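Noted in TrEMBL for the protein shown:
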type: COMPBIAS; residues: 1-11; note: compositional bias 'Basic and acidic residues'
type: DOMAIN; residues: 453-508; note: domain 'Kazal-like'
type: REGION; residues: 1-20; note: region 'Disordered'
type: TRANSMEM; residues: 29-48; note: transmembrane segment
type: TRANSMEM; residues: 68-89; note: transmembrane segment
type: TRANSMEM; residues: 96-117; note: transmembrane segment
type: TRANSMEM; residues: 207-230; note: transmembrane segment
type: TRANSMEM; residues: 258-279; note: transmembrane segment
type: TRANSMEM; residues: 337-356; note: transmembrane segment
type: TRANSMEM; residues: 376-397; note: transmembrane segment
type: TRANSMEM; residues: 409-428; note: transmembrane segment
type: TRANSMEM; residues: 534-558; note: transmembrane segment
type: TRANSMEM; residues: 570-591; note: transmembrane segment
type: TRANSMEM; residues: 624-646; note: transmembrane segment
């Protein structure tokens, strides 16, 4: 008998140990799959930001429109976030995350598809859209006293070109693909973290979350590296003879192989979805037990009366939940501390989102650096600093055990320091580009007040040039000319990228001593002093991002401290929704719209409509880009001061009320003690002594 009992206990212990092992292994497999999905999510986000500048040029669209496309990710996210958050916890969470990753991957592939339907990229009007030969033989030079018809084609040819125009509305595929990415990304964080928190051991969730966030940093590093690599590749690589391409990555018309970015990230997301479909709904139950448990409720509710009672109680619960939701929602919206906090974070995060969306364009226009170089520097230099700042911010809050007001002051300090370093950008701006016909007269001797309708000079007025053309050449006087014809060049030698134009009459009037009036293809490079300022920009960017990241942890901590504990989830959800709507969607649009106002030369397609910008007024661009971001940050600091003042006032009132309540309680206790003393002497003596 004893032997049988011993065997039963051994079997039970072994069964219990097997269940623990199965539970542990199931959770580990889920965390490994979730880490892969975190990498895929971060990779897709960085790929989109690093490809913005190439999408704008490839589809011949404005910065404001490309900002709208970028915001479509948040639109997709907002469409399903409520349904996923509510219904997700009631369904098979791993499979829902897997479906989300798969949709995210399909969105990435869909974004890349237009490349295969659009034909060859035409960076110049003079390239035949039906040919892969990008010849320089058609480059127009100054043809004095000759009647020419450069690009003034017949209506029939224009109509044909409009039909085949590569830009058209193919950008809608990119918009829909990015929206699908937003829809697919939605379940990863809320369902993944809730699943992890439900089944992880007590106190292990924070450790797992830290590991997941650390692993997720691999995504941006891969994204920036791929962005740099593919930015150097010509968009039609594999379809055209690259030796015939006469532009370089430094040219404002260059379009890299942006579509490869989305193919890689899309396929990676699809691969990351596969493990989730093989994971159980709960890690501690085998498949047979889960099926049995799912079938039990069906057996128990066979009685019709029970079903009616259940439906009635469910209806009452739904009504109660809806009423409770609106009451809770009203509670957070009437909380002045929470409202101020939401407003200031919207302003601050809008500054970050708008700035990061157009940072590649800013660096290119201000410092003349290609996006491939910016990708490497942002990925390799700034990301580790950003991660270190996030970790250190959390450590400081924990180490010094900061109270809510202390957290608010710490967050304010980091925001002030970040703004201080951001304002330093204004002191390292390069001078405006010297472009004949846009920033100065065509003879190169005098600046102009406006880039609009600059009159031709005597050096090119008889050349019959097409003024809408953009084929920049750099004269050996250091001035960029819109085209060889507008530079007054009479002849050329060499071919493709090494073409040199000679006898350029507009260079003669600038007083060159060596009388070598020649120009070569491409814009004039920035000066050495300007390039040095670029490296100062990178150094300041590191410090700026460090302090921004340092205060990142305090956002979450501060928000949960200023609302009631039972409203934390609702407060976080509403805050996320507002940030996505007003920051993620709107910020890239109004940043892009203001940047468009600084454009000096727009491309025109075969239909005669405006395309993408070829060159900006770099001084005005910098003032708009940096100024808008600075205004948003300063406004958020004003709200920070209001928040800290309101918090101090509220907590002082709480302390006062607590002390008053304490005094009242003391008086009541004394009176009670006296009464007890009067009626029960022995007990009173004991109480008084105790008191």
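Even glycines carry a Cβ here, placed using N, Cα and C.
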Contact between the transmembrane segment (96-117) and the transmembrane segment (258-279) (3 or more Cβ pairs under 8 Å, separation 6+):
yes
Sequence-remote partners of the transmembrane segment (207-230) [C-beta within less than 8 Å, at least six residues beyond its ends]:
31, 34-35, 38-47, 50-51, 193, 196, 200, 256-258, 260-261, 264-265, 371-373, 375-376, 378-380, 383, 387, 390
Could you check whether the transmembrane segment (258-279) and the transmembrane segment (409-428) come into contact, where contact means at least 3 Cβ pairs under 8 Å with the two residues of each pair 6 or more apart in sequence?
no
Answer yes if the transmembrane segment (570-591) and the transmembrane segment (29-48) have at least three CB pairs under 8 Å among residue pairs 6 or more apart in sequence, and no otherwise.
no
May I ask which of the stretches 29-48, 337-356, 376-397, 534-558, 624-646 has the most CB pairs under 8 A with the transmembrane segment (409-428)?
534-558
What are the DSSP helix/strand/coil residue counts across the domain 'Kazal-like' (453-508)?
7 helix, 11 strand, 38 coil
Between the transmembrane segment (337-356) and the transmembrane segment (624-646), are there at least three Cβ pairs closer than 8 Å, leaving out pairs fewer than 6 positions apart?
yes
